[in-house]
Amino acid sequence: MSIRRFVRLSLLIIALVSSLCESQKNFACDISAPATAKYGFCNVSLSYEARAKDLVSRLSLKEKVQQLVNKATGVPRLGVPPYEWWSEALHGVSDVGPGVHFNGTVPGATSFPATILTAASFNTSLWLKMGEVVSTEARAMHNVGLAGLTYWSPNVNVFRDPRWGRGQETPGEDPLVVSKYAVNYVKGLQDVHDAGKSRRLKVSSCCKHYTAYDLDNWKGIDRFHFDAKVTKQDLEDTYQTPFKSCVEEGDVSSVMCSYNRVNGIPTCADPNLLRGVIRGQWRLDGYIVSDCDSIQVYFNDIHYTKTREDAVALALKAGLNMNCGDFLGKYTENAVKLKKLNGSDVDEALIYNYIVLMRLGFFDGDPKSLPFGNLGPSDVCSKDHQMLALEAAKQGIVLLENRGDLPLPKTTVKKLAVIGPNANATKVMISNYAGVPCKYTSPIQGLQKYVPEKIVYEPGCKDVKCGDQTLISAAVKAVSEADVTVLVVGLDQTVEAEGLDRVNLTLPGYQEKLVRDVANAAKKTVVLVIMSAGPIDISFAKNLSTIRAVLWVGYPGEAGGDAIAQVIFGDYNPSGRLPETWYPQEFADKVAMTDMNMRPNSTSGFPGRSYRFYTGKPIYKFGYGLSYSSFSTFVLSAPSIIHIKTNPIMNLNKTTSVDISTVNCHDLKIRIVIGVKNHGLRSGSHVVLVFWKPPKCSKSLVGGGVPLTQLVGFERVEVGRSMTEKFTVDFDVCKALSLVDTHGKRKLVTGHHKLVIGSNSDQQIYHHLNVRLAGDSTVAI
């Protein structure tokens, strides 16, 4: 090749690359474009709303409808590039959605544990930090064109039924915990610390799936056809609670409606749920998006409308603003032409969408010149971020049983057998909706750091389903020659997943036989490690004498192996608490997953759901968890009488209930100061759970369905060995001490209330509150 031809070819390549980069700009309002200055939507001195309205006013109907879908086409004539709205960040930046890509520039991102495990930490500051890390990595990837700015996370559905395949994505069964997680993770993702009144967003977060969505595919009944029959009582105090907190306290910028119907109406077509509640009552400042193809689902699968145009009109009029999928893009224009929809309905939806992009800086020019513009590939998978992923896994691990053999001594283990289908897990540990992790540390790799030359490994099963017994004999032989065995069993995405609910609560296939045979062959200590999201009935294992300890490790993320090993060998003192009730198999045998009721029914024999209502005997209770230390708690100060001011003032009545709409709730707060003493020789963290037991008269006053007990506060406290720490728990009385009646109305009940401090794995203490009606809201101590 001649030098001249080489130079020409080089210039052509440079021009092509430059052209490609130009065509792939991930921002609008490029200051180098002459026309930019005349566009009102590029004028940063105007309000977001004014800029969004200006942009929408410049679009034709054909252009408008193509911006109502996740794969927005953009408006090239105005310098607005295409934008992919769908990105995921459930527990790390994920390439599950089309908005994120990994390549040689950014090969992976920090992969935290599944949400169900980080929820077990009961650590609000951890949840906030995780959100901050994820949003930093998202912004860094956006700056190099590998990620969007809108993330459809977190999942804040309550883990209603232990068989649900997507329970792993949630913070558990308790509405307060789910709400606290939602608020903190959303703030971590979205908040810009020096934003002031600008309401800028770091990235946009989305709370999903609204609402009463917690069934995917159980015995042939799928989420696309399921009609969730929910009482007003359960809707108010269980299903809606996390979403309300997410919007009102977390200030989330998006909510996603779900596939299912609620009481006969598809959630994405319900004007009461969307326009009435989210937009009207809760005052969402953001957009409402459908789960992917939800409009198509209610048209094609359940034939909810006669025509596609009717389906589109119904959704937009109900308050939907965006469609994950292409249904709105295909049929909205014709719906307007047929007068089933007004052009103003389309404009309204687009304005809500564009305001979010304005807050993200998408219309402020090159992101490299904006806040977070300095972030790049070196800010993804940083050492600090990977250390936080390890810390999150350690904080969530729950010690279920310990007969004194843990922690294992680091120097006296002569031969360690590592057994089980999840013993060498890698991808299993990062759960679903995960991206490419920075790196993996499997359980066996973590354990090898403590016993580098004395480990023997046998899987015992070909996979988690464990369909045959052929590998069990080799596992038994390995165990018989070892003095300590770590047996890692459980579930994975082939057993519990999106689109796949469990039928049973037992270990799959021959895993139970593997556990029994290993335990019977073991000379000494067996440590049983359970990797799963949903609970498993392991009652049989409690009676096997060689099983000296049991750990639940959820799906522990990229650093799971190190976390497990550090807990087993005592470099970390476990402190996690179960965020879900562990039910016996009997529950799955008797209770239909399609029954949405939370409260028990003695007539039908329905036992109720979650620790708040379940009347059966669980394998392990919500909040259960052991430590290598011994802790005690005590109340240092707390009110004993609460006077409630009502409007109008009501007469004192020892056995009455008051609608909270008549109560001056604004200043009705109480504070409890609690002390925690560590009696052990190890420093550790203690999760203090504060439960509330309503007055005995409550059932008759609110029409039944009163919780057995209810979590009203929690705090994770670090306490040095032989040291004492104190902390405060603040309660909003109207939220914490209220009950929901059968009409869905919140009531305060006067009389004697009991606070229970500690779970059933702790030494519980009690504090009594006397709630009275009065002419003022003074709290007497």
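Using the three backbone atoms N, Cα and C, a Cβ is placed for every residue, glycine included.
Over in Swiss-Prot, the protein carries these features:
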SIGNAL    1-23  signal peptide
CARBOHYD  ASN43  N-linked glycosylation site
CARBOHYD  ASN103  N-linked glycosylation site
CARBOHYD  ASN123  N-linked glycosylation site
ACT_SITE  ASP291  active site
CARBOHYD  ASN342  N-linked glycosylation site
CARBOHYD  ASN424  N-linked glycosylation site
CARBOHYD  ASN504  N-linked glycosylation site
CARBOHYD  ASN543  N-linked glycosylation site
CARBOHYD  ASN601  N-linked glycosylation site
CARBOHYD  ASN653  N-linked glycosylation site
Length of the line joining the Cα atoms of ASP291 (active site) and ASN543 (N-linked glycosylation site), in Å: 45
Among ASN103, ASN342, the most crowded of the glycosylation sites [Cβ within 10 Å]: ASN342
Secondary structure of ASN43 (N-linked glycosylation site) (DSSP, helix/strand/coil): coil
Chain-internal residues near ASN504 (N-linked glycosylation site), provided their CB is under 8 angstroms and they sit 6+ positions away: GLN585, ALA588
Largest tally of Cβ atoms lying within 10 Å of a Cβ, found at which of the glycosylation sites ASN43, ASN123, ASN424, ASN543: ASN123
Euclidean distance between Cα atoms of ASN43 (N-linked glycosylation site) and ASN424 (N-linked glycosylation site), Å: 55
C-alpha spacing of ASN342 (N-linked glycosylation site) relative to ASN43 (N-linked glycosylation site), in angstrom: 28
Number of other Cβ atoms within 10 Å of the Cβ of ASP291 (active site) across all protein chains: 23
Cα distance (Å, whole number) from ASN601 (N-linked glycosylation site) to ASN123 (N-linked glycosylation site): 34
Integer Å distance between the CA atoms belonging to ASN543 (N-linked glycosylation site) and ASN103 (N-linked glycosylation site): 50
DSSP three-state assignment (helix, strand or coil) for ASN543 (N-linked glycosylation site): helix
Alpha-carbon spacing, ASN543 (N-linked glycosylation site) to ASN342 (N-linked glycosylation site), which is rounded to whole Å: 68
ASN342 (N-linked glycosylation site) to ASN601 (N-linked glycosylation site) - Cα separation in whole Å: 47
